[in-house]
Amino acid sequence: MEKIEEQFANLNIVKRSSETKEPTYLLGIDTSKTVQTEKGSLVAVLCSNGSIRIHDKERLNVIREFRGYPGLNGVKFANSHDSVYSSCTDGTVKCWDARLASGKPVQLFKGYPSNIFISFDISSNDHVICAGTEKVDDDALLVFWDARINSQDLSTTKEPLGAYSETHSDDITQVRFHPSNPNMVVSGSTDGLVNVFDISADNEDDALVTTCNSVSSVSFIGWSGKDYKQIYCMTHDEGFCWWDLNHLDTDEPITCLNVPDVREVINVKEGILDYLIGGLYHEKTDKLFVVGGTNTGIIRIMNCMTSGLVHVTSLQGGHAATVRSFCWNMQDDSLLTGGEDAQLLLWKPGAVEKTFTKKDSMKIASSVHQRVRVHSNDSYKRRKKQ
């Protein structure tokens with residue numbers, strides 16, 4: 001098998017989305033998990049104008065657009081059907097059917113009064129949705145719903161199952177369910193904490209498995225490692241932390257790597273690193289990669305090891321401005337990227353690169369980088385099993 005590092009270095013642009021009437025930042029990307037042999041896979045893109053665009057993955061044509069929803073955060077396909085979800089600052093998580101052109105949400109998951117949702121995820125079996133709120137008064141909540149469709153109850157609005165309120169003290173910026181265990185979920189916050197929960201427990205205190213401290217405002221979290229027993233996060237000031245949950249019940253340190261500012265330590269061939277975008281765990285090779293970029297649109301891919309981060313390759317000639325989102329497909333080794341130049345790009349290894357005209361960057365103020373805060377220095381806190 002070709003080394004994954006060589007595959008990344010071999011990525012070239014296959015397709016570029018056509019220009020839209022209203023250029024927007026592309027803030028989030030996800031692909032449908034269902035097999036669609038006739039129509040091909042679908043791609044959902046969250047845009048900065050409060051819309052979600054559904055693209056055909058092979059041609060990147062816009063099939064339909066769900067418009068008019070300012071305050072959306074994140075975009076995610078269900079794992080077993082073509083429903084698309086996004087959380088909203090209006091206190092709901094919205095669900096659309098990507099196959100329907102009506103544009104109206106088919107389901108609304110309502111929060112508690114004054115909830116402002118800024119993060120969410122759906123469990124691997126599509127049974128539970130969890131959303132994180134901004135801090136209002138003294139509360140930052142993780143709110144849960146039953147996402148299953150009940151033939152006895154066909155109402156389109158769902159009330160919460162309950163909420164966790166004791167474990168974060170500030171905006172909950174990230175929520176990520178375990179890729180295969182629907183009971184495990186990790187959350188990250190501007191309070192610097194990354195909390196791991198087992199939601200099969202009876203209450204919040206028992207559900208909290210461990211608390212890790214990134215010492216800064218969390219911008220991205222993910223699962224990695226064999227059986228996904230590791231977690232990692234990035235921070236709004238470009239830090240990176242990586243923890244091994246296998247060591248919770250041992251004397252081994254839980255922290256695999258802690259880099260306060262990746263920009264200062266990474267040795268990038270031919271240039272610099274301006275920011276981190278997210279992480280990519282390659283299950284087949286059991287390798288974790290960190291994805292970052294430059295303000296001129298170059299994408300940097302870095303290999304993550306306990307000894308540090310090593311620059312693997314740079315993807316150039318695609319974007320003309322900051323890259324805000326990406327989605328890696330393990331099945332065909334393809335990469336989708338979106339940025340502040342309003343472009344959606346499809347990259348594949350060894351593809352014939354085509355010549356395109358770079359679009360100028362649109363300068364829209366980003367609120368996410370105004371949330372940087374520095375916190376106490378305890379890198380993690382173990383919870384003793386009773």
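Even glycines carry a Cβ here, placed using N, Cα and C.
Counting only same-chain residues 6+ beyond the ends of the repeat 'WD 1' (21-65), those with a CB under 8 A from a CB of the stretch are 15, 71-82, 84, 86, 96, 98, 101, 103, 324-327, 329, 336-340, 342-344, 346, 359, 362, 364. Taken from Swiss-Prot, the feature repeat 'WD 1' covers 21-65.
The list of residues near the repeat 'WD 2' (68-106) in space but at least 6 beyond its ends in sequence, with Cβ under 8 angstroms from a Cβ of it, reads 28-34, 42, 44-46, 50-52, 54, 112-122, 124-126, 129, 131, 134, 145, 147, 156. Summarising the annotation, Swiss-Prot assigns repeat 'WD 2' to 68-106.
The annotation repeat 'WD 3' is assigned in Swiss-Prot to 111-155. Taken residue by residue, the repeat 'WD 3' (111-155) breaks down under DSSP into 0 helix, 21 strand, 24 coil.
As annotated by Swiss-Prot, repeat 'WD 4' applies to 167-207. Here the repeat 'WD 4' (167-207) has long-range neighbours at 118-125, 127-128, 130-135, 140-142, 144, 213-223, 227-228, 231, 233, 235-236, 241, 243, 245, 371, 373, 375-376, meaning same-chain residues at least 6 beyond its ends whose C-beta is under 8 angstroms from one of its own.
On the 0 to 100 pLDDT scale, the model's mean across the repeat 'WD 5' (213-253) is 98. The repeat 'WD 5' annotation in Swiss-Prot covers 213-253.
Sorting each residue of the repeat 'WD 6' (318-357) by its DSSP state yields 0 helix, 19 strand, 21 coil. The annotation repeat 'WD 6' is assigned in Swiss-Prot to 318-357.
Residues 73-74, 76, 78-81, 85-89, 91-93, 161-165, 167-183, 185, 187, 189, 191, 197, 199 of the same chain lie 6+ residues outside the repeat 'WD 3' (111-155) yet bring a C-beta within less than 8 angstroms of a C-beta in it.
Residue counts for the repeat 'WD 2' (68-106) by DSSP state, with H, G and I taken as helix and E and B as strand, are 0 helix, 18 strand, 21 coil.
Across the repeat 'WD 1' (21-65), DSSP assigns 0 helix, 21 strand, 24 coil. Taking DSSP states H, G and I as helix and E and B as strand, the repeat 'WD 4' (167-207) has 4 helix, 18 strand, 19 coil.
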